[in-house]
């Protein structure tokens, strides 16, 4: 140390503004942006956790159906954001199916009142469809594809393709409306119009439109889901591996 050096002298150059912001490098900018993104992601996750906590607080673990909760069902919480519109449309189509089954049963009752010789069989079959199809359609093709997009596992997709394929064939069968089959479809509706049984004819027409709408809608999304399944690289071998690892019971649960 030099004895001639002033220990109290400033080390800053007079040309440098001490109040000027330090130069920020590109690496600093990238690091700050990464921190912001992590904070935003943490905030989003916290909101989702708060939403789920409120859901559980108000409805308990199960929330569907609302009048007798048996399972937990929440598209906005469990389904990735990009897939929510598709699953929402499928759920809406399932609701259309539910409404169509009810209308179909009522139409068959009026077909019986109109004097159809096969009216009794139609009503019996329509009541059976109302209970059987509602349960099986939800468990065998809607719930599997819901879980498929939630967990992105191959076996769910194969469940969906198999059982929704049968449902599409059933929809065609119901659209045709052969007497004594429990369908107030086209043939039955035309017969009611021809016999001037207007209430039965109009209800049959509405039911036929319902079968057509949900059938075409499901066929449209069936193709979209198949394309997604192919792009995601799901295979039968992968599905077998998942089945061996998790067991069949896992495919009807949230875990």
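Placed from the backbone N, Cα and C atoms, the Cβ positions cover glycine too.
The coiled coil annotation in TrEMBL covers 32-62. TrEMBL lists 1-27 with the feature compositional bias 'Polar residues'. For 1-30, the entry in TrEMBL reads region 'Disordered'. Residues or ranges marked as transmembrane segment by TrEMBL: 93-117, 123-142, 154-176, 196-213.
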Segment-level pLDDT (mean, integer) for the coiled coil (32-62): 73
Cβ contacts under 8 Å made by the transmembrane segment (196-213) with residues that lie 6+ beyond its boundaries: 93, 96-97, 99-100, 103-104, 106-107, 110-111, 113-114, 171, 174-175, 177, 183-186, 188-189
